[in-house]
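Have a look at the structure below, then the notes.
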Amino acid sequence: MISTLEEKPHVPAVPRKRKVPGWAVAMLGVAGAIVLLSITSYQTGFPQLTSSGTTQTAVRLALPILLAGLGGLWAERAGVVNIGLEGMMIMGTWGAAWAGYQWGPWAALVAAVVFGSLGGLLHAIATVTFGVNHIVSGVAINLLGAGLTKYLSTLIFLPLSNNPRQSPPVQSFDTFSVAGLGDWLGELEAGQRLFISDVAGILRGLVTGVSPLTMIAILLLPLSYYLLWRTRFGLRLRSVGENPHAADSLGVKVYFHKYVAVIVSGGLAGLGGAALVLNPGQLSYLEGQTGGRGYIGLAAMIFGNWRPGGLLGGAALFGYADGLQLRSGGETVLALVYGVVILLGVIVVWQLIRRRWFSAAAAIVVAVLLYLLYISLDEIPGEFVSYAPHMVTLAVLAVASQRLRMPAADGVVYRRG
Amino acid sequence: MSSSTSARTDDPPAVVLTGITKRFPGVVANSDVHLTVRRGEVHALCGENGAGKSTLMKILYGMQAPDEGTIEVNGEQVRFRTPSDAIKAGIGMVHQHFMLADNLTVQENVVLGAEALHGIGQKARRRIIELSGRTGLNVDPGVLVEQLGVADRQRVEILKVLYRGAKVIILDEPTAVLVPQEVNELFDTVRGMQEQGYTFLFISHKLDEVRAIADSVTVIRRGTTVGSADPRTVSSRQLAEMMVGSELPSPETRESTVTDKVVLDVKGVRLLTPDGARPILEDVDLVVRSGEVVGIAGVEGNGQTELVETIMGMRKAGSGTISLLGRDLTKLGTLARREAGIGYVPEDRHRHGLLLTQPLWYNRILGHQTRRPAAKGIWLDTDGAKKDTERIVADFDVRTPGIDVPAAALSGGNQQKLVVGRELSGDPVLLIASHPTRGVDVGAQALIWDEIKRARAAGLAVLLISADLDELIGLSDTIKVMLRGRLVADADPNTVTPEDLGSAMTGAGSTSAAVHETVAVEEGEN
């Protein structure tokens, strides 16, 4: 699933004339990631790395990140930096809980989208109409989201749940699994054969306990791609993020497209909040529930180079890191370190082939350090493990950010005339 | 030079502007402008920077509405509210600064805003390929614009206009970004399209180009049209005088004001490339005296920039000394050197001279932040700075609605006048002027020359670096030729010709008695 991390060796240094189509690179990346994980789990003796349970948790945890990232994608493609995703997500969680305990999960979804969109609308008014710095407005919305929901929770949830920090339980979606396939995959997984069991475990995790929200989120990804890259509306929206002056000179309504993009962005972030509230493990609003996932979503989008495919890879990576630490704890996260060492080995070979001595040397040093860490520790301390997703975010962005290409007018306040 | 006129006189003119007036707060950009463009001709609109050409074209293209006056297209009076109205009337504009999104493909850039014509898919692609031939663009529509060179980007801009069905094409300073060969290619394209019936409005202040391409010329000065001319009979000098409204200035200085007092003394300065591999400056000795203008000639990239930056303290010399009025400056920083009395007109005013987003008075403080009138003790004196900015605006004829507008709102010539005014404030003893009139219009050029001459007569020492050899010969008392980091020859500005200087600059050796070599040029060195 950590497809995009594996992409690095496959993309040539100058990605101008890419001979291999994007989907093929992605498939190679996915295959490479599965091979890497299965070797790691075989070598370290932790089948949890590719178990169906881990995958299932990873999917659930990746959903909010994916949706937040998708929200970021919409806004930033239109040239508005949306650091307020976190705040819009918080508003989404509250809205989902408020509607969810009264009218069920579908109402929760709708309310989450509406609340998130309101946050987006506020951001659009501030940044587009009044030309407020995008970061300032975004941070303000994060503070506002946290403060407003705290107030509303005390007002509305306290009498019901006797807890100002938590909502009454929300009814969950019925989940469904692909009946025959799941059992068959389960047998394969239990067989503990190299690679086959790993693939079976991951597939089983993907087809078991699927909620409608998962389906919606997965469908929103190609839908966003189609809208943004294959329609007239999308072309205009992206042109606004690349060069608003040019777009304006050609009769494109710059403000309108920015507004739509940021409102949709808020709606998607809100939906991400609903994904947290409707998570089977939780099923209620909790203060501080988002835990920075809006920011991680933004990071996933940046990691994915402002493209939906890359964003999916980023969300999967962060979801997986999160899921692994939640389900299995420090020992398995340590096993993942072993996997990273193998990956670095591949990178070293690749860099040597391309005669990039410095990069190769750097990769060797990091690999040796990580390997020493791996053999000297029995497990990663618990305090550290819960920060695994954040650590992964930092590491990945530090490495990946060199080749990224953001929309040219991203974060630039546009004034007509 | 110009191609034969294919305009038919019996048709109504393609565009007629009558009595156009446009006011902005503080300035009148256009007043009572009259312009007639016949169908099928290349009509040039000439004027200095800031004369109001761009505003006029924005009005014709619907980006701004005129306060008074009428626009007629093909004999019918029209009223444009937005550029799309103008596009519908068959008018297209190629902006001076390209209006392209680099990260989108050629096709996306072309169809943007005109998706209704052929969609955004295969049909549009076929139409683009069909039209590409007319502009000489030979790239796949799926290529990202960022991969194209400047000339091809301009073709994409023309393509955008054609795709929308424009018949009248406004080219706003189209050659400003092109190298001479590309200019010729552009002119070939324009002539080819003219034969297919397109009409061009060509905006420029490069008069040779105007005479090469235009069928008729209209001159605009200080916001109003002052007349028209036939490019086949008018000379560039006559056109220039129409643009400026008076006789052309010349950089010529009359009598020598050179004194014996040494102001700048550079001795044995050496400078290595940052990696230490190769010398950029080698044993440069240079003396500038009070009342003297020392000009440095050289092909760009031979160390002139580095020499200036070393004197200013922006680079640290490897060895050698720099002294000003006998005081050793070698170990001082840039600010201390400026305080010691050096004024500096940098070669790139946008990178080193100005903060474009800041108001004029704020820019006045830069480099003077420790001195009166911009500072009092440790505090900035904004009132003093503003008052002094008013003085510069008045004395140096900086055309601006006020001192609170950002520097970016001024035209290049007016920005440069502000920079020169600032650098001549605070009684400097030495002025270093790098390409002081590069990219400015004739009027600003004359003013800057006059100010340098006046300061020289008052005893200022000037180190002048310029690629404009006429300017260099006209202003300088002494000319030194720089080649590969050395001052290789001296030339006498009274007798030297630009051709002589040119051959000395390329290292071809001295061809005239006016240039005498001071250092033997080693051949074959790279």
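Using the three backbone atoms N, Cα and C, a Cβ is placed for every residue, glycine included.
These features come from TrEMBL:
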- A:20-39: transmembrane segment (TRANSMEM)
- A:59-76: transmembrane segment (TRANSMEM)
- A:83-101: transmembrane segment (TRANSMEM)
- A:107-132: transmembrane segment (TRANSMEM)
- A:139-160: transmembrane segment (TRANSMEM)
- A:202-228: transmembrane segment (TRANSMEM)
- A:259-278: transmembrane segment (TRANSMEM)
- A:333-353: transmembrane segment (TRANSMEM)
- A:359-377: transmembrane segment (TRANSMEM)
- A:384-404: transmembrane segment (TRANSMEM)
TODO: Determine whether the transmembrane segment (A:333-353) and the transmembrane segment (A:139-160) share at least three Cβ pairs under 8 Å, counting only pairs 6 or more apart in sequence.
DONE: no
Task: Best-contacting stretch, by C-beta pairs under 8 Å, relative to the transmembrane segment (A:83-101) and drawn from A:20-39, A:107-132, A:202-228, A:359-377, A:384-404 - done: A:107-132
Task: Long-range environment of the transmembrane segment (A:384-404) - Cβ separation under 8 angstroms, sequence gap at least 6 - done: 5, 15, 292, 296, 299, 302-303, 305-306, 314, 317-318, 321-322, 324-325, 329-330, 333
Task: Within-chain partners of the transmembrane segment (A:202-228) [C-beta distance under 8 Å, separation at least 6 from its ends] - done: 1, 34, 50-56, 58-60, 63, 66-67, 70, 73-74, 77, 105, 109, 172-178, 181-182, 185-186, 189, 234, 237-238, 268, 271, 274-275, 278, 280, 308-309, 311-312
TODO: With the transmembrane segment (A:107-132) as the reference, find which of A:20-39, A:59-76, A:259-278, A:359-377 contributes the most Cβ pairs under 8 Å.
DONE: A:259-278
